[in-house]
Amino acid sequence: RQGIGEPSVYHAVVVIFLEFFAWGLLTTPMLTVLHQTFPQHTFLMNGLIHGVKGLLSFLSAPLIGALSDVWGRKSFLLLTVFFTCAPIPLMKISPWWYFAVISMSGVFAVTFSVIFAYVADITQEHERSTAYGLVSATFAASLVTSPAIGAYLSQAYGDTLVVVLASGVALLDIGFILLAVPESLPEEMRPVSWGAPISWEQADPFASLRKVGQDSTVLLICITVFLSYLPEAGQYSSFFLYLRQVIGFSSETVAAFIGVVGILSILAQTVVLGILMRSIGNKNTILLGLGFQILQLAWYGFGSQPWMMWAAGAVAAMSSITFPAISAMVSRNADPDQQGVVQGMITGIRGLCNGLGPALYGFVFYLFHVELNEMAEVETLGKASKPNMANPTDESSIIPGPPFLFGACSVLLSLLVALFIPEHNLVLRSGGHKKHSAGAQAHPHSPPAGGSDGKEPLLEDSSV
């Protein structure tokens, strides 16, 4: 077996940390290059670029996951990390090619899917949630540390050094996968034939979404996830640019903001989430998280002063408990043979939001004429002057961030839907009952039920 030692969660953790550390370093230079490349309709172009990338990732993730079941995880880790990081050196070589390659890299920008499959190969079921939590915490840690380092180096030595350093970190990640990461999927666990096993059902990105309407409780959960994650995905794509250009944050302040909110989010998802789950219950924790998200988005939408952004950022950290609480509700109440398919539905909906959210935010910024002037003006003029506004007398002077208010309305609808989710005796369990009582109808659904759990469904398909 190639690599160093036996496959472990720590191999996966290093791969994720290096990839997102490299991209985190580029937070400040990327905002500069984006504005210089698209001085007109910057927010719209930013949303379209990330929207295309997200939709391509959503469409390709099931196929890449299914292929990794056949050809192994290591080769697809190498493929996804290489193409995800390929645009980095182009930032200084050719900005137009940089943004074009970012959009197209969405086809392979599914490292998390392969990493979770890698972790599933080497962990027992009772260990898996802890292992996934470690991977997610590592992802958060990389984004907490790297933007501050990138902002400091950019200020002291220029953007070119930051791009070179990020390219070096990406190459280090690729080298680590080549030399140190062992294959997690043994040869004997793969199908004998490489041509037969991949079915359209496995490669179809909409397969999990079509199952949503089959269960009323699952439908409520998925609608809640869609309405709450759509604004979150859009916010993530444009918020740092918004802070930099509209609110007037310096690059160092943006980096500090990311770090503080990231640390508070980690605390919220570890310490606070556990306390809330024990004290007020699973469903009430979800509702509280959605309430914090509404407050955060409304504050971002109406806020025009830096201190308002900091206060809303602290609220944003508390709103990060929503999705872990939803995942816990599903895993706690679903039968083992139903859990995989429901988690797969939720993941599919989040992937769809990663494509739709950025495009929606960019379009709303465009509709409300929130444009950017020269960056030099933003640097020299006072923060209160709002040089970014196309016309200070129009509605943008009253509502600096219109998309955030749209997001708040979306999350409010999500909260209303979540009120109807039953906390106990979820219908997911009756799904198991249906399977026993109406076996002929349930059998066709049993292979997808474990679809996200690894290799068994693939082996079942290949034996048919």
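Don't overthink the numbers, they just go from 1 along the chain as shown.
Using the three backbone atoms N, Cα and C, a Cβ is placed for every residue, glycine included.
The annotation domain 'Major facilitator superfamily (MFS) profile' is assigned in TrEMBL to 8-425.
Taken from TrEMBL, the feature transmembrane segment covers 12-31 (among others).
What TrEMBL records for 43-64 (among others) is transmembrane segment. For the transmembrane segment (43-64), same-chain residues at least 6 beyond its ends with a Cβ under 8 Å from one of its own Cβ atoms are 34, 37, 76, 79-80, 99, 102-110, 113-114, 198, 202-205, 207, 233-234, 237-238, 241-242, 348, 351-363, 365-366, 370-372.
Within the same chain, residues 15, 19, 22-23, 26, 29-30, 33, 64, 67-68, 97-99, 101-102, 105, 107-111, 114-115, 118, 163, 166-167, 170, 173-174, 177-178, 181 sit at least 6 positions outside the transmembrane segment (76-91) and bring their C-beta atoms closer than 8 Å to a C-beta of that stretch. What TrEMBL records for 76-91 (among others) is transmembrane segment.
Annotated transmembrane segment per TrEMBL: 97-119 (among others), in sequence order.
The transmembrane segment annotation in TrEMBL covers 131-154 (among others).
What TrEMBL records for 160-181 (among others) is transmembrane segment.
The feature transmembrane segment is assigned by TrEMBL to 218-242 (among others).
Per TrEMBL, the feature transmembrane segment maps to 254-277 (among others).
Residues annotated as transmembrane segment in TrEMBL: 284-302 (among others).
Look at TrEMBL and you will find 308-330 (among others) tagged as transmembrane segment.
Residues 41, 43-58, 61, 205, 209, 226, 229-238, 395-396, 399, 402-403, 406-407 of the same chain lie 6+ residues outside the transmembrane segment (351-368) yet bring a C-beta within less than 8 angstroms of a C-beta in it. Annotated transmembrane segment per TrEMBL: 351-368 (among others), in sequence order.
Annotation comment: TrEMBL describes 404-421 (among others) as transmembrane segment. Note on the transmembrane segment (404-421): residues 217, 220-221, 223-224, 226-228, 230-232, 234-235, 283, 286-287, 290-291, 293-294, 297-298, 300-302, 329, 360-361, 364 of its chain, located 6 or more positions outside it, place their CB under 8 angstroms from a CB of the stretch.
The annotation region 'Disordered' is assigned in TrEMBL to 432-464.
Long-range Cβ contacts of the transmembrane segment (12-31) within its own chain (Cβ-Cβ under 8 Å, at least 6 residues beyond either end) map to 77, 81, 84-85, 88, 91, 111-112, 115, 118-119, 134-135, 138-139, 141-143, 145-147, 149-151, 153-154, 159, 162-163, 165-167, 169-170, 172-173, 176-177, 180-181, 240-241, 244-245, 251, 254-255, 258.
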